[in-house]
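**Student:** Before anything else, here's the structure in question.
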Amino acid sequence: MTSIGLRSDLVVPLGDGGRIPLLGFGTWQLRGREAYEATRWALEAGYRHIDTATGYGNEAEVGAALRDSGVPREEVFITTKMPPDHVGRERRTLEESLAKLGTDDVDLWLVHWPPGGTAGVDSWRAFIEMRERGLARAIGVSNYSLAQIDELTQATGATPAVNQIKWSPFQFDRAMLDGCRSRGVVVEGYSPFRAARLDHPVLRRIAEEHGKTPAQIIVRWHIQHRVVVIPKSARRDRIVANIDVLDFALAPDEMAALDDLGHG
Ligand SMILES: NC(=O)c1ccc[n+]([C@@H]2O[C@H](COP(=O)([O-])OP(=O)(O)OC[C@H]3O[C@@H](n4cnc5c(N)ncnc54)[C@H](OP(=O)(O)O)[C@@H]3O)[C@@H](O)[C@H]2O)c1
């Protein structure tokens, strides 16, 4: 199986160096054996980007799946996240993540939510230090507003490489996308299906026209927007199907119709 995560047309550059695969595997709510098996299936299916978090309680299973898969560590982009209530113990949090994952570093470390609703400048300084020490190859944020991103940049001179936010055709926010891009921040979408109505008639019509499922249309829509997408499933058939999106393209009018779903 081709490892899609390594295709050069399916990666986007990160502002602080490196590249992030556009397609990744989400692991929220996967625990224990289920997390291990699903991650193994994802790696087998060709995913080369795994999204976890301290808060998901599955870093050890993700790490074990990666080791047992035989896929070399350097071929897989690993993201984890620091919970906002870990402010003040950033280094320990990252070291614990690395110990569970069984890796020397992560490719991307995110502030999971704005700590206490603030930008969390002190935490961000600690993130920068961890990047400089080589424990995180890139650092970013999640669930941040553009104003909070600007606050971090103005205070430290270091712009988050990524903002991971809820994203789907039903959440399409052109101002956020353009605002992130103009700042050099890659938009990474989460909950592509949970934030959508998979039975919406427009989505179903487009899916039928392409002989694809609504879920596949949503994943394809992200890729054509160059927005990172990290669908989660516990089911092997869906894990495989969710990235079977490279044999068709959405036409400009279809992209526009999908962009509009959030405004209908
Ligand atoms: N930064 C943050 O604050 C944040 C928040 C939420 C999520 N995330 C990340 O984003 C990832 C994805 O988001 P998510 O887990 O919230 O939701 P999601 O990927 O949008 O959807 C997952 C749900 O959709 C179902 N599903 C998967 N494939 C499907 C298909 N082809 N057809 C129909 N249903 C399908 C799954 O059920 P089955 O498992 O039964 O297939 C599961 O119930 C997470 O796993 C996590 O890594 C980050």
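Backbone N, Cα and C define each Cβ position, glycine as well.
The following feature annotations were taken from TrEMBL:
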{"type": "DOMAIN", "residues": "23-261", "note": "domain 'NADP-dependent oxidoreductase'"}
{"type": "ACT_SITE", "residues": "Tyr56", "note": "active site, proton donor"}
{"type": "SITE", "residues": "Lys81", "note": "site 'Lowers pKa of active site Tyr'"}
{"type": "BINDING", "residues": "His112", "note": "substrate binding site"}
**Student:** Please report the distance from the Cα of Tyr56 (active site, proton donor) to the Cα of Lys81 (site 'Lowers pKa of active site Tyr'), rounded to the nearest angstrom.
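**Tutor:** About 9 Å separate the Cα atoms of these two residues.
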**Student:** Measuring Cα to Cα, how far is Lys81 (site 'Lowers pKa of active site Tyr') from His112 (substrate binding site) in Å?
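**Tutor:** Lys81 (site 'Lowers pKa of active site Tyr') and His112 (substrate binding site) have their Cα atoms 5 Å apart.
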**Student:** Translate the DSSP assignment of His112 (substrate binding site) into the three-state scheme.
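**Tutor:** Assignment for His112 (substrate binding site) reads coil.
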**Student:** Please identify which of Lys81, His112 has the densest Cβ environment, defined as other Cβ atoms within 10 Å, among these recorded positions.
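**Tutor:** Sorting the candidates by Cβ neighbours within 10 Å, the top entry is Lys81.
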**Student:** Across all the protein chains here, work out how many other Cβ atoms are within 10 Å of the Cβ of Tyr56 (active site, proton donor).
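**Tutor:** Step by step: centre on the Cβ of Tyr56 (active site, proton donor), count other Cβ atoms within 10 Å, giving 20.
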